[in-house]
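Listed in TrEMBL for this protein:
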type     : residues : note
TRANSMEM : 26-48    : transmembrane segment
TRANSMEM : 80-109   : transmembrane segment
DOMAIN   : 81-274   : domain 'ABC transmembrane type-1'
TRANSMEM : 130-151  : transmembrane segment
TRANSMEM : 157-176  : transmembrane segment
TRANSMEM : 197-222  : transmembrane segment
TRANSMEM : 256-277  : transmembrane segment
Amino acid sequence: MTHYPKATLESYGYKDYKKTKKFFTVLRKVFVVVIVVSLYIPILMLLLQSVNSSPNINEFGHFTLDWYTNMFDVRSLKNAIINTLLTSVISTLLATVIATFMAVGIYALPKQIRQRVMLLNNIPILNADIVTGISLMLIFSLLLPLFPYIFGPVTLIMAHLFFTIPYVVLSILPKLKEMDTNLMDAALDLGIKPYKALIKVIVPAISAGIFSGMLLALTMSIDDFVISYYTTGNGFDNLSIWIYGSIGRKSLTPSVYAFSTLLTLMTLLSLTLYQVFIKKDKKGKIK
């Protein structure tokens, strides 16, 4: 009796790719871990330096919180922090209010006009910061004969409004598209005045987009250096300009690391609260 070899899948050209799939799965996970670690190493280094008793970044003395407690002992740093928080909070609140009305107005436009307006809205986003900073400086310089002391907090807030408003508009518009278009009509039919309907009906419906845009505007305003450098006045420095000047003078104090760490923790807390807010908003829509 003739015995024929047992046919296998490999005999028909089948290849087992399980090992290959497993290899790429492991490789993908390793790649993600490496990227995440690379992103957070600078933050961890900042945290480490903020509790390092030695001002030298190349050596670690011992654990200390002195840089936190003595943060405002350096007068120039204290003024820079106050200036940063003052201009950032004011510009963020103004940008959020203005952008909310702008987004509602843009959404109400016909499609073709809306696209053209959005193109204008996106130009400041795509424009290079140095070009924006120099162009705003030239505009403010034209006002010097009328307002000799215009450069300072006023120009800084106006400059921050210029580049933060478009981002807030982009954050709010998607929420307007998700909103039920009949809400406004229903409110008006019930006899509510248009401005009250906007505040009591539209704003709560798009609150998630407003909050995310406000958080983005605040972060960008605090972080900005290039535009601020060209639009501020002598003696009014925000934190980024102060750090730049301190590095040039080789007088950077480790208290900057402490404040930056606190700022990072506040940002993470804000993002966490935003995620909680979004989840509650989604649950409310489901119900």
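All residue numbers here begin at 1 and follow the chain in the order shown.
The backbone N, Cα and C atoms fix where each Cβ goes, and this holds for glycine too.
Scored by C-beta pairs under 8 angstroms, the transmembrane segment (157-176) has its highest count with 130-151, from the stretches 26-48, 130-151, 256-277. Counting only same-chain residues 6+ beyond the ends of the transmembrane segment (26-48), those with a CB under 8 A from a CB of the stretch are 60, 257, 260-261, 264.
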